[in-house]
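Accompanying notes for the structure given below.
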Amino acid sequence: MEEDDVTIREQNFHSQVREYIICFLLFAVLYIVSNCIITRYKRKSDDQEDEDAIVNRISMYLCTFTLAVSGGAVLLLPFSIISNEILLSLPKNYYIQWLNESLIHGLWNLVSLFSNLCLFVLMPFAYFFLESEGFAGSKKGIKARVLETFVMLFLLGLLILGIVWVASALIDNDDASMESLYDLWEFYLPYLYSCISLMGGLLLLMCTPVGLSRMFTVMGQLLVKPTILEDLDEQIYCIQLQEEALQRRLNGSTSNSYIHGSSQHLYKELDNIRNQRNKLERRKKASAWEKNLLYPIVMLILLTGTAISVLLVALNIVYLLVDETALPKGSSSRAARDIGSSLSTFGVSQAVVEIILIFYLMVSSVVGFYSLRIFQDLTPIKDDTTMTAIIGCCVSILVLSSALPVMSRTLGITRFDLLGDFGRFNWLGNFYIVLSYNLLFAVVTTLCLVRKFTSAVREELLKALGLDKLNLSNSTTDSESGKHAANGHQKTL
């Protein structure tokens with residue numbers, strides 16, 4: 001018996017060591033990729049050997065860690081779905097014994113823990129540490145800035161705990177709830193993270209429909225559109241004439257002091273014209289398959305992905321109305337049964353489609369986030385993004401990625417139940433919140449797509465009725481049409 005106990009303990013020890021090694025390797029890969037991304041966008045002028053450079057470097061390490069955790073949160077559901085299908089296909093294969101239920105649960109718990117750590121500790125510390133200068137009268141240096149940062153974190157923690165305490169007391173005013181208010185670890189943090197998850201879900205609900213419609217414009221700018229009833233040689237000739245005229249005006253402004261004040265505007269206009277000429281030349285040099293085959297295929301793929309997403313949400317609404325067990329709040333026993341049991345009606349093909357849709361929704365949410373006017377100032381610029389903007393981007397992406405598994409399960413994109421702390425949010429068991437979330441997503445996404453594909457028809461009708469001067473079309477359509485014009489594309493009905 002003792003030898004059997006020793007053998008069991010050794011097996012448990014080796015399995016845990018193996019899981020830690022796998023988690024470390026996965027996180028190391030994510031950290032390296034995140035570091036490359038942040039280095040690409042970070043402002044190069046910040047690389048100076050002084051006190052501010054040390055502070056920027058520490059903040060960059062914290063931002064890299066946060067971005068790596070965000071990548072882990074995005075990969076949670078795809079990795080779990082793939083692992084489940086592999087375990088079903090090869091249940092007794094010796095080489096995949098490391099891919100077990102314990103590893104999957106451990107990854108979910110680690111991502112949940114690190115998400116809380118980054119959101120409530122590391123990112124506030126990075127921001128306050130970057131903005132700190134030390135208390136008045138104290139000796140300047142790193143220690144003074146660290147002291148001020150910890151004081152600010154302590155005050156921020158007291159403020160947040162006070163707000164949560166008051167909100168909880170107002171919502172649940174009974175003896176059991178009042179006693180739970182004094183339990184920091186078991187009540188405060190899960191309740192606070194549940195609120196943050198709800199905010200992230202609402203942010204995804206606001207960004208994803210906008211991103212789904214915006215993806216067509218983004219891909220239209222990246223790809224070469226088919227040349228239909230357009231003479232590219234004539235457009236390039238006209239652009240060259242405009243460029244030469246601006247060049248002559250700039251040459252004349254150097255000798256005329258009155259025109260010299262507007263030279264900056266002329267330089268910007270010249271850069272825009274040169275960009276238009278380069279894009280037109282790219283369209284002219286593009287091959288036939290790139291213009292006539294690649295663009296329609298990509299647009300068809302985007303339209304198909306969006307249509308499948310809306311269809312799955314509509315089916316999920318029907319499931320919610322028929323069966324109450326379709327709610328995303330799952331128990332631990334049901335989540336444990338999910339691993340090793342088939343959740344896809346069509347097997348591996350459906351699992352692949354779910355994974356593609358999850359990544360597509362994440363990319364669309366990021367595109368929609370930076371397309372909103374409120375968050376346009378956070379858009380990163382290559383080699384010219386400040387550390388403050390990088391911190392804001394990392395926090396935003398962390399909130400979006402942490403809410404992605406919850407949104408995917410809430411919308412019925414996948415039937416894989418949420419594991420760990422992700423499935424313990426209180427609002428996931430509320431039928432009206434989940435139903436309203438699905439209805440809003442389906443309606444807003446449909447309206448965004450209808451508005452997107454009818455914008456040209458709407459503008460032509462306004463011109464025909466003579467109402468185009470009243471500016472009845474919104475600014476988003478105008479900006480998109482301006483970008484199309486900058487690409488040299490003629491807008492046709």
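Note that Cβ sites are derived from N, Cα and C of the backbone, with glycine treated the same way.
Sequence annotations record features per position, and here TrEMBL assigns coiled coil to 263-290.
Under the heading transmembrane segment, TrEMBL lists 20-38 (among others).
What TrEMBL records for 58-82 (among others) is transmembrane segment.
Taken from TrEMBL, the feature transmembrane segment applies to 102-130 (among others).
The annotation transmembrane segment is assigned in TrEMBL to 150-171 (among others).
The transmembrane segment annotation in TrEMBL covers 191-212 (among others). Residues 112, 115-116, 119-120, 160, 164, 168, 306, 309, 361, 363-369, 371-372, 399-400, 402-404, 406-407, 410, 421-422, 424-427, 437, 440-441, 444-445, 447-449 of the same chain lie 6+ residues outside the transmembrane segment (191-212) yet bring a C-beta within less than 8 angstroms of a C-beta in it.
Long-range Cβ contacts of the transmembrane segment (293-322) within its own chain (Cβ-Cβ under 8 Å, at least 6 residues beyond either end) map to 212, 215-216, 219-220, 223-226, 353, 356-357, 360-361, 411-413, 431, 434-435, 438-439, 441-442, 445-446, 449. What TrEMBL records for 293-322 (among others) is transmembrane segment.
Marked as transmembrane segment by TrEMBL: 351-375 (among others).
Long-range contacts of the transmembrane segment (387-407) within its own chain (CB-CB distance under 8 A, at least 6 residues past either end) are made by residues 38, 41-43, 46, 56, 59-60, 63, 66-67, 69-71, 73-74, 76-77, 115, 118-119, 123, 126-127, 130-131, 196-197, 199-201, 203-205, 207-208, 328, 358, 361-362, 365-366, 369, 375, 377-378, 380, 418, 422, 425, 428. Feature annotation from TrEMBL assigns transmembrane segment to 387-407 (among others).
Residues or ranges marked as transmembrane segment by TrEMBL: 427-450 (among others).
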Residues of the same chain, at least six outside the transmembrane segment (427-450), with any C-beta under 8 angstroms of its C-beta?
194, 197-198, 201, 205, 208-210, 212-213, 306, 309-310, 313-314, 316-317, 320-321, 324, 327-329, 406, 410-412, 418
Listed stretch, out of 20-38, 102-130, 150-171, 351-375, that has the most CB pairs under 8 angstroms to the transmembrane segment (58-82):
102-130
